[in-house]
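In what follows, a structure is listed as structure tokens, so that the remarks can point back to it.
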């Protein structure tokens, strides 16, 4: 079990190293470029039902086309999100991709009445005023009091330690603890 967990962890770390992050709009096609090849690139998708799912020969749940080097994702949907790993069978060349599927965002023209009202509000803008000394927030007073109490406790602990150290170790002469108490 530990070896399987370590294999998965090493695989994910290897896949995350040197990866290219790709954002693909929903419903579009996208081609992942494979590594330089000497024979044929094998494409796998990490994180699917099988940990290493070879995807060039499958049609479900994602539809892809593979040539010797590249992988084309067809009609991208949310299922396509994940890590894609392409490696050459006979060399150590590989490419990692993190595919993120995004929604296309439509932009609306702003309302001109809203823009005019925003212009008017800019004209009446005043700079913020600093708080009066009489209006100090309670939270600030509590924070300052807490810091003062903690500093006092630290000083008391240091003095108690110095006194106890001198009492139990009278023969040791520590330059920092030469207190005539």
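Yeah, the Cβs are placed from backbone N, Cα and C, and that goes for glycine too.
What Swiss-Prot says about this one:
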type: CARBOHYD; residues: 29; note: N-linked glycosylation site
type: CARBOHYD; residues: 57; note: N-linked glycosylation site
type: CARBOHYD; residues: 70; note: N-linked glycosylation site
type: CARBOHYD; residues: 75; note: N-linked glycosylation site
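Within 10 Å of the C-beta of residue 70 (N-linked glycosylation site) there are 16 other C-beta atoms, taking all protein chains into account.
Its Cβ taken as reference, residue 75 (N-linked glycosylation site) is surrounded by 11 other Cβ atoms within 10 Å in the chains shown. It is 5 Å from the Cα atom of residue 29 (N-linked glycosylation site) to that of residue 75 (N-linked glycosylation site). The 10 Å shell around the Cβ of residue 29 (N-linked glycosylation site) contains 13 further Cβ atoms across the protein chains shown.
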